[in-house]
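What TrEMBL says about this protein:
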type: ACT_SITE; residues: 194; note: active site
type: BINDING; residues: 193, 197, 203; note: Zn(2+) binding site
type: DOMAIN; residues: 99-230; note: domain 'Peptidase M12A'
type: SIGNAL; residues: 1-19; note: signal peptide
């Protein structure tokens, strides 16, 4: 009996150390956001990402830090060629988004993006996603809707514990993941950023014509981050 109590106490301590208890993160939750999630989102102050959270979108294993689907980032620049579903995109002038005329099958019809979320997400994580969804709802014609049986293509927002934040660019077909690291990616801004990739946008600072429109002041770049911009 004492051993059972000791093990129970140990589990509770480990859960508390992770900042998550079993009743906060559990299987069998809802796959879609609820009205309660949006109410909590409206009541929750928008959190500004910390430097550590911003670092989570700079995974050295991914193209430009957070873009899935590019097998070898160096190939895009060194050989002007890349494999995978991007096809010949890097042979064209490097735009900030997928062009409808060139890649009509990579955009979402009518601006509707079906979604599913990982069922074990906490209330706080769900609220952060709701904040990002609301940002698009109030400022664009984009709508994120719960996936139904009639939706073959959709995004799946899921958590990870050590891989940062990432997404594919545009509609890649079937179940495509928007991956969010626990404790680092759940802010309105970071989630909205990854959703922008899913919509079909690359990074603005990577446009080949960037220097025609903006002046880069190196003294304003955070220490150790110049490789992202220059």
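Every residue number used here counts from 1 along the chain in the order it is shown.
Each residue, glycine too, has its Cβ placed from N, Cα and C.
Across the domain 'Peptidase M12A' (99-230), mean pLDDT in this model comes to 89. Sequence-distant neighbours of residue 193 (Zn(2+) binding site): residues of the same chain at least 6 apart with a C-beta under 8 Å from its C-beta are 57, 66, 165. Shown in sequence order, 57, 64, 66, 67, 167, 194, 196, 201, 202 are the same-chain residues outside 193, 197, 203 whose Cβ sits within 8 Å of the Cβ centre of the Zn(2+) site. Of the binding-site residues 197, 203, 197 has the largest number of other Cβ atoms within 10 Å of its own Cβ. Under 8 Å, Cβ to Cβ, and six or more positions away along its own chain, residue 194 (active site) finds 57, 66, 165, 166, 167, 178, 180, 185. Helix first, then strand, then coil: DSSP counts for the domain 'Peptidase M12A' (99-230) stand at 48 helix, 27 strand, 57 coil.
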